[in-house]
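A.B. asks: First the structure, then my questions, so here it is.
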Amino acid sequence: MLLRYSSSSVTLSHFHKFHRKRSFNTSSKIIRWRPRDEYKLNQPELVDRITRILVLERISLLNRLCFDYSDEILDAVLYKLRFNPNACLSFFKLANKQQHFRPNVKSYCKIVHILSRDRMFNEAKVYLNELIGIRKVASSSGSLVFDELVRVYRDFSFAPVVFDMVLKMYAEKGLVENALIVFDNMGKFGCKASLRSCNSLLSNLVRKGDSQVAIIVYDQIIRAGTVPDVFTLTIMVKAYCKDRGVHKAVEFVREMERMGYQPNVATYNSLINGYVDIGDMEAARGVMKCMSEKDASCNVITYTALMKGYCKRGKMHEAEKVLNDIKESSLVADELVYGVLVDGYCRIGKMDDAVRIRDEMLSAGLSVNLTICNSLIDGYCKSEQLDEAERIFLGLKLWGLKPDSYSYNTLVNGYSRGGHISKAFELSSEMDQEGYVPTVVTYNILLKGLCNDGSFDDALHLWCLMLKRGVEPNERSYSTLLVGLFKVGDYEGALKLWKDILARGFTKNTITFNAMINGLCKLGKMVEAEDIFLKMKELGGIPDDVTYRTLSDGYCKIGDLDKAFQVKKQMEMEGISSSVEMYNSLISGFFTSRRLDRVNDLLVEMNATGLAPNIVTYGALIGGWCKERRLDKAYGLYMEMTKNGLTPNIVICSTLISSLYRLGSINKANFLLQKIADVNLLSGLENLSTPCGGDHAFRKIAESLDETAKRYFLPNDIVFNIAIAGLCKSRKVQDARRLFSALLLRGFVPDNFTYCTLIHGCAAAGNVNEAFVIRDEMLANHVNPNITTYNSLINGLCKSGNLERAVRLFHKLCSKGLAPNVITYNTLMDGYCKAGKMSEALKLKDKMIEGGVAPSVVTYSILISGLCKQGDTDASMDLLDRMIESGINPTIVTYSTLVQGHIRGRKRISQLYNEVHPKELSSDSGSSTETGFMEPLCDRAMIDAFVMSEAVC
């Protein structure tokens, strides 16, 4: 350090003398060592001064220098002292503590290189971690950091090990894109990735679902000369299972064995998981047998993977066998094992068994954890036993547990699905107060509940509130809104939102495409749905099982089973196994098209694939046979269902009771209603004594309902609605009216369905004036009639010959905030045709299309029937051609109508024969009343659908 003395001529003796005097005389002038004009130092001089102080380790002297920390000074000091890591570290720490200064990326890269050169890896990792944390936000940051590390490496000519460190750190943090940038370029600088870094990169690629990329990276690793270990092989088995199928993973394992590698238990577990994912439980068992032959002991993870597979397939008996195998071995089943079994039973609605397994776990000395409680809450919600779900939720504190966001969201979802929107909002508010800020998941649940409840305006208000609170909507949010628009019949609004969704970049998202396809399928727009499906693949989207199931279900609903099975075949060719839900749709489709001989074949096929019927399967079968008036088959399936441990739900109970009413068995229907009511509030019904007689099957069902009712009562308003609907179906409208009046005196609050049922019953019986009186009562009680209500009124007016009044009511719908649907148009069209006003009917069809409502097979059948009755067979044939061109397949009823018209007009029917013969349409594929273009047509379908679903939800 350059210092100045006050006199250059002072001798040593004089100096000592002066020093002694100074020691005793503190008032004398002090001779100081002081920096020379520090404020006048230029940057090179300042850097030189700082480096000298750092080398001498006299850090405190830096405080006497007059300078501000800057990127230029820090970088210059680091470069000058690059071979002195301790000095660099001291200065970097000091710079990092400054209030108004933070080191930039360049400085971080320099210190990391400097520390790594001297093998100070722990300190280097700390700053590398900070650097990655700072630059984590943007995807381009990986390239920025790497480029700067490269520049420093070229300047310093040392520490290539930094590239391996940053590779591993990126991989561990899940920043695989940044890690790949490093991996692809580090070889250019003489650095080869270590095996640990490679394994970390491969593992995180597989975890993120980039198995194909993992396979490519693995090939690069091998070509670079890195020798894999058993951990590498296990990771690659997972990758092959997910990307190229388990068979490829097996080939890979065999190849590694030939090269001298010995798979461990984790490798075999990965193979078992691969087979479990594709539902091949026999092959999964085969892997366990192979493990035994090669002295590789199974662990708890092995058995748990197998158990998950059986639970996923609904084979709970086999899953329990696995639990017994664990008990018989030297292994100990833990909470995770029991949790898998509890969750499996919850998923299929067997809540008694789920509770039994939980209690067995407690008896084994284990404690209930939050995951198990959440499974029980979810299971009870899905089984529509919200009281039990609440009990588990409120009882968490007794187990020393605290509900998490999943617990809250699960119960909010249960309330929302059950139509208890107010409770759902109350719980979400409580969730917020407990410190769990509602996320986009919570908002999505509430949005869906409001849309399902028909409160679309409230859903839009919630959407705005969500945006105001800074919650960014995701693809599920947009999908929910899309479904809501379809539900309220706003086809144009749905198309507009769909374009906005694509513009926002959700072009490869399966959820949004599924929502759009589902909405179009529900409108019967199968051509448009297919177009969206093709667009999805064109944009790089990957259809999943829901996509294919939705398309198949759409075709089932319009009775095109051939197309439905084509979709199923295409799905299986893509390597996606058919699910229980897919088979449920096909079963319903067979009943819709009345191909009853194929139902049993489908059940056999379903069983052969290892799938067990669930509650929805039995609901479809029981509902189908009830519509066919085959109560013997419906009773048999009900008993099979209860024998298999499934509890009848609201839909199944209401289906049986509604069918009994429809078939005139009022006595039995009332008796079953009494069974499922929690109190004796149905004393207004007649014949409540035991009506079993010699009907053994009915007696068994009644007894089973006794047991069910002990823990699962239907709400009284649902019971009342079923009773009123049943009486109306059996044409006892006056009895229904009397019961309705009696219930009002007991405090019953009727809903939209109650009024709609009575209005439909009165209108169908020809008592239109009474139907309008009920409509007025409905309005007076502040219950807004929906489009179904007005469809019943329009139908009643048409039937009673009041066509002009029906037309006036039709034109008033817009002013009431309602949009006519396909049933509205079909009903009025049928009225025009029966009045001989074909030109008006055809104009209405054109207006229907302009309004965005797609004509159905019923629409065309009505018009063809009307034209044939007028003797205009040429026009009816033209309409048939247009029907086929629009992608709607005629039914046997359509062709039968045309044949009758040709016979009456003495026309040739050879052309019709050529049309019908190749289609192999069965004579029982539908009757006039079932397909809907005769009088009861749409209304019967409408009210049946209501009794099966909306009435009891």
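The backbone N, Cα and C atoms fix where each Cβ goes, and this holds for glycine too.
Keep in mind that TrEMBL annotations are predicted by a computer and have not been checked by a curator.
So TrEMBL lists these for the protein:
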- 159-193: repeat 'PPR' (REPEAT)
- 194-228: repeat 'PPR' (REPEAT)
- 229-263: repeat 'PPR' (REPEAT)
- 264-298: repeat 'PPR' (REPEAT)
- 299-333: repeat 'PPR' (REPEAT)
- 404-438: repeat 'PPR' (REPEAT)
- 439-473: repeat 'PPR' (REPEAT)
- 474-508: repeat 'PPR' (REPEAT)
- 716-750: repeat 'PPR' (REPEAT)
- 751-785: repeat 'PPR' (REPEAT)
- 786-820: repeat 'PPR' (REPEAT)
- 856-890: repeat 'PPR' (REPEAT)
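In terms of burial and nearby residues, how do these features look in this structure?
C.D. replies: Long-range Cβ contacts of the repeat 'PPR' (159-193) within its own chain (Cβ-Cβ under 8 Å, at least 6 residues beyond either end) map to 112-114, 116-117, 121, 124-125, 128-129, 132, 136, 139, 141-143, 145-146, 149-150, 153, 200-201, 203-205, 207-208, 210, 213, 217, 220-221, 224-226.
Sorting the repeat 'PPR' (194-228) by DSSP state (H, G, I as helix; E, B as strand; all else coil) yields 26 helix, 0 strand, 9 coil.
Under 8 Å from some Cβ of the repeat 'PPR' (229-263) lie the Cβ atoms of residues 195, 198-199, 202-203, 205-206, 209, 211-212, 214-215, 218, 221, 270-271, 273-275, 277-278, 280, 283, 294, 296, 575, all in the same chain and six or more residues away from its ends.
Applying DSSP to the repeat 'PPR' (264-298) sorts its residues as follows: 26 helix, 0 strand, 9 coil.
Across all of the repeat 'PPR' (299-333), the predicted model scores a mean pLDDT of 91.
In the repeat 'PPR' (404-438), the DSSP tally of helix, strand and coil residues is 26 helix, 0 strand, 9 coil.
According to DSSP, the repeat 'PPR' (474-508) comprises 26 helix, 0 strand, 9 coil.
According to DSSP, the secondary structure content of the repeat 'PPR' (786-820) in residues is 26 helix, 0 strand, 9 coil.
Here the repeat 'PPR' (856-890) is broken down by DSSP into helix, strand and coil counts: 26 helix, 0 strand, 9 coil.
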A.B. asks: In the repeat 'PPR' (299-333), how many residues does DSSP call helix, how many strand, and how many coil?
C.D. replies: 26 helix, 0 strand, 9 coil
A.B. asks: Can you work out which residues elsewhere in the same chain, 6+ from the ends of the repeat 'PPR' (474-508), have a Cβ less than 8 Å from its Cβ atoms?
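C.D. replies: Sequence-remote neighbours of the repeat 'PPR' (474-508) are 440, 443-444, 447-448, 450-452, 454, 456, 459, 463, 466, 514-516, 518-519, 522-523, 539-542, 787, 819, 821, 852-853.
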